[in-house]
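Undergrad: According to TrEMBL:
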{"type": "ACT_SITE", "residues": "D58", "note": "active site, for OMPdecase activity"}
{"type": "ACT_SITE", "residues": "K60", "note": "active site, proton donor"}
{"type": "ACT_SITE", "residues": "K60", "note": "active site, for OMPdecase activity"}
{"type": "ACT_SITE", "residues": "D63", "note": "active site, for OMPdecase activity"}
{"type": "BINDING", "residues": "D8, K30, 58-67, T122, R184, Q193, 213-214", "note": "substrate binding site"}
{"type": "DOMAIN", "residues": "2-229", "note": "domain 'Orotidine 5'-phosphate decarboxylase'"}
Amino acid sequence: MRPIIALDFATAAKTVDFLNQFPDTPLSVKVGMELFYGEGPQVIAAIQKRPQTEIFLDLKLHDIPHTVEQAARQIGRLGVQLTTVHALGGPEMMAAAKRGLLAGAKSAGVLAPKLLAITQLTSTSQAMLNQDIRIPGTVLASVRQLAQLAHQAGADGVVASAQEVQAIREVTPVDFLVVTPGIRPANAASDDQHRVVTPQQAKALGSSSIVVGRPITQSPDAVSAYQSIKAAWED
Ligand SMILES: O=c1ccn([C@@H]2O[C@H](COP(=O)(O)O)[C@@H](O)[C@H]2O)c(=O)[nH]1
């Protein structure tokens, strides 16, 4: 899979300006909360006008199962390729999300998005987990357990740091997706990310795909930044 560019922009206009720098380039992009809450489903329709563009709608649903099922039903109607829930919402909630996506997609006559479960956010460090959130144990063990739960609940994959891919692969089938944000080229600032790897390391560790935002979107030359990350990932 191509690297997924996180389109963390405030407006559709900024998003379209950004995408226009990549004419005729097939892209995979992620729409997150900032853009979707600001612009609504119309921004998905606007991006879908662009040929050969896969959309990952990353809204990280986390609520009671009924509410998540109804929200997922709406997402399922949009014709996006990937979407997310928090695994910490539990197996019933993840199964409800999957049902909602399938029902929504069927009612709209589109393919259902694949469902990814967020394990532990890549901004969570070991110290934060144990000392601030007061959850005992290692991040690695927690991610492995949540990935197993996500698979049993019917998710198609998880979001985790590439640092945990090997542990996830021990408890899930080979076709289970492990999509990994927290990607930084060597020497780049890690910003608020804690469990960070380079694109080359993510590849070597067995990520299914990488998600990259600021190293591309905040670069003065976004096209070169994307191409160099893509080359490093595909190398
Ligand atoms: O654990 C997670 C889950 C989602 N994300 C999202 O990925 C991008 C990363 O952006 P960068 O600018 O490359 O840090 C962003 O949209 C997050 O919401 C994540 O980072 N970690």
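Positions of Cβ are set from backbone N, Cα and C atoms, glycine also.
Mind mapping these onto the model and telling me what they sit next to?
TA: Annotation note: D58 (active site, for OMPdecase activity) sits in a strand segment as assigned by DSSP. Counting every protein chain shown, 25 other Cβ atoms lie within 10 Å of the Cβ of D58 (active site, for OMPdecase activity).
Within the same chain, residues at least six positions away from K60 (active site, proton donor) with a Cβ under 8 Å of its Cβ are M33, T84, V85, H86, I118.
A C-beta separation below 8 Å, combined with a sequence spacing of at least six in one chain, links D63 (active site, for OMPdecase activity) to A71, G89, M93. In the three-state DSSP assignment, the secondary structure recorded for D63 (active site, for OMPdecase activity) is coil.
Other C-beta atoms found within 10 angstroms of the C-beta of L59 (substrate binding site) number 16, with every protein chain shown included.
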Undergrad: Distance check, please: Cα of D8 (substrate binding site) against Cα of D58 (active site, for OMPdecase activity), rounded to an integer number of angstrom.
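TA: Between the alpha carbons of D8 (substrate binding site) and D58 (active site, for OMPdecase activity) there are 11 Å.
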Undergrad: Same chain only, sequence gap of 6 or more: which residues have a CB within under 8 Å of the CB of G213 (substrate binding site)?
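TA: Residues satisfying the criterion: I5, A6, L7, D8, K30, P181.
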Undergrad: Report the same-chain neighbours of H62 (substrate binding site): residues 6+ apart in sequence with Cβ closer than 8 Å to its Cβ, ordered by sequence.
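TA: In sequence order, the residues whose Cβ lies under 8 Å from that of H62 (substrate binding site) (at least 6 apart) are V68, V85, H86, L88, G89, M93.
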